[in-house]
Structures are given as C-alpha cells and as structure tokens.
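> Shown below is the structure under consideration.
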Amino acid sequence: MASVRKAFPRRLVGLTSLRAVSTSSMGTLPKQVKIVEVGPRDGLQNEKSIVPTPVKIRLIDMLSEAGLPVIEATSFVSPKWVPQMADHSDVLKGIQKFPGINYPVLTPNMKGFEEAVAAGAKEVSVFGAVSELFTRKNANCSIEESFQRFAGVMQAAQAASISVRGYVSCALGCPYEGKVSPAKVAEVAKKLYSMGCYEISLGDTIGVGTPGLMKDMLTAVMHEVPVTALAVHCHDTYGQALANTLVALQMGVSVVDSSVAGLGGCPYAKGASGNLATEDLVYMLNGLGIHTGVNLQKLLEAGDFICQALNRKTSSKVAQATCKL
C-alpha cells in the first residue's frame, strides 16, 4: 500500500464549459439522475491488500464533498469471507454524515443487519441473484435460502423504519451458468420488490451485457416492477457500461450505480473487471444536460486520492484524459 499523497488539481479544460447536446433524437431522457456511489464497498471489497480504515473514511468524506447523494459505505459481512470489510463498524461510525446524503451498507443476513444498526446504519442493502451456482459461491446457499434470509432482515428493517435496497446479480450473464433469461431476472426483481425493497438495482456483474441485452432484460423487468423503482449497475469488462447505461436511461431508469475511478470487481465472479467509473458517468450526464448535483472536479480529486492510496492507475477515461491536459 503506497503512502497517500495530496491529490493534484486537474485542469478541466473543455469540461467546465461543457454544453448539453440536443437529445431530441435519443428518446425521452430523465431530467435528473440519482447516482449511487458504490466505490467504498463494491470498489474496495476485492482489493488484495487491506485498505487502512482512515483511507476508507477519507474517501467517503471526499465523495460526500463531491455531492454524491448516495454512498454505499461498507459491507457487514463475515471477515472470513471478505476480509477487506472487517472494519465495517469503524468505517460507518467514523465518516462524516452530510445532510441529505444516504450511506447504505450491505447486510446479507440478520447478524450483519444487527451489527449495522448498532453502528448507526439508516439504510441497508440485500443481494439476490438469478443464478443458483453464483448464489452458492457468493452466499453459500440456494436462491430460495437467500430469500429466507432476506425475509428476516426485511421484517426487522421495517420494524425499525430502515429502508432496504435490493440487488439482483448476474442480470445480463453469469460467470458459471452463462446466458440468463430476462424472465428469471424479472421474477427475482419482483420478489425483492414485493418483500419491501424500495429500489431494485439490476447488476451486470461480469460486464458481458450489450445494449440489446439490456433492453430485453429491462423490458421484462418493467412488466413486474415500476421503472421508478429500478436502478442499473454495470461493470465495464467489455467496455459496454456507458452504452448499457444510456439504454437504461432512454427506457426511463433514473438511478445508476457507479464506482469512483472504476474500482471494483467481484470475488466470486471470475473475469469481472471494474464498475462503470463515476467520473465517466457524470461527464456523459453533464453532456446530456441531465442534472446530478455532483461536482466533477471534486470527484476527480477523490479518484486521485484512492488511486494513490492503492498505488494503481484509474480506470476512468475522464480522469485519464484530464490528467494529460
């Protein structure tokens, strides 16, 4: 782990004066998009070297300063399975809680939920999947058993007035089972929604999706779950994350998950590379005239910070381009 240096200011030449293009030929697009920043959890969970707790806390604070409305802070999973998240309570207690910003945490079971609530969590997330093999490797149980675990979490969350977000993994393909049926994705999404999840994030966990697959999957899911309750979570393994996200926006989705500097992967999904970079998403949305409330300059600084801490290059094309200006 490299020592953390002060982030260098970037020259946003051509970005600060960026004008929105005409979108009349692109179909209806949302006027505003809620970005769910998953870098501190999904982005860091697969790092081999343990990231110091103060670095995680500072990253989240910088993302808050950038204006991101939702920042997934950590995961209350067993350190045996994900050692990187062993400091979950310290992270959640240590971050600054900015007014108007939500800091959800992943809670796969009742034990995790109880620990999260004790640490001050106000919103939690649960993970489902459309693949039996993936669920076995990721949660050590069947799909049906995973829903039984969620049921207890959902009941406890409702009793405590804590919001629950649901994830559907492998929505566009599975590393073990290959192609995934849109109908199966719709079935799992409907079940999570009917259990009380206020929002369902549809994840292309290994990044194999294309715009056509995204359209077919969303069409099926939207027959079962209101589009206002849907989000997309795209990995960029094959360079399709922005294209897939744009299709989702054109279909009415207005919530997008992304990760600063494109950090991320999945410890149980071989070949999965990083998430859609938040910097690239914000740049595209700015160009489309879609409001996000995110300060791109401060976001780039947060990306610089964590990449220096990890001693790695950013996966964000926008960060790479502005570094050369």
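A Cβ is built for glycine as well, from the same backbone N, Cα and C atoms used for every other residue.
Quick paste from Swiss-Prot:
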TRANSIT   1-27  transit peptide
DOMAIN    33-300  domain 'Pyruvate carboxyltransferase'
BINDING   ARG41  substrate binding site
BINDING   ASP42, HIS233, HIS235, ASN275  divalent metal cation binding site
MOD_RES   LYS48  N6-succinyllysine
MOD_RES   LYS48  N6-acetyllysine
MOD_RES   LYS111  N6-acetyllysine
MOD_RES   LYS137  N6-succinyllysine
MOD_RES   LYS137  N6-acetyllysine
MOD_RES   LYS179  N6-acetyllysine
MOD_RES   LYS179  N6-succinyllysine
ACT_SITE  CYS266  active site
MOD_RES   LYS324  N6-acetyllysine
> Which residues, in sequence order, are found in the same chain with Cβ within 8 Å of the centroid defined by the Cβ atoms of ASP42, HIS233, HIS235, ASN275 at the divalent metal cation site, excluding those residues themselves?
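Those within range, site residues removed, are VAL38, GLY43, GLY203, ASP204, THR205, CYS234, ASP257, SER258, SER259, GLY264, GLY274, LEU276.
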> Once the chains shown are all counted, how many other Cβ atoms turn up within 10 Å of the Cβ of LYS48 (N6-succinyllysine)?
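Total other Cβ atoms inside 10 Å, all chains included: 6.
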> Would you kindly give the Cα-Cα distance separating HIS235 (divalent metal cation binding site) and LYS179 (N6-acetyllysine), rounded to the nearest Å?
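Here the two Cα atoms lie 16 Å apart.
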> Roughly how many angstrom lie between the C-alpha atoms of HIS235 (divalent metal cation binding site) and LYS111 (N6-acetyllysine)?
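Their Cα atoms are separated by 29 Å.
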> Radius 10 Å, atoms counted are CB only; among the recorded positions LYS111, LYS137, HIS235, which position scores highest?
HIS235
> Measuring Cα to Cα, how many angstrom lie between ARG41 (substrate binding site) and LYS137 (N6-succinyllysine)?
19
> Given the modified residues LYS48, LYS111, LYS137, find the one whose Cα is closest in space to the Cα of ASN275 (divalent metal cation binding site).
LYS48
> Could you give the Cα-Cα distance between LYS111 (N6-acetyllysine) and LYS137 (N6-succinyllysine), in whole Å?
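Counting only the Cα atoms, the answer is 19 Å.
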> Where does LYS137 (N6-succinyllysine) sit in DSSP terms: helix, strand, or coil?
helix
> Note down the number of other Cβ atoms within 10 Å of the Cβ of ASP42 (divalent metal cation binding site), including every protein chain shown.
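I get 26 for this one.
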> To which of the recorded positions ARG41, LYS179, HIS233 does the lowest count of other Cβ atoms within 10 Å belong?
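LYS179, out of the recorded positions ARG41, LYS179, HIS233, has the fewest neighbouring Cβ atoms within 10 Å.
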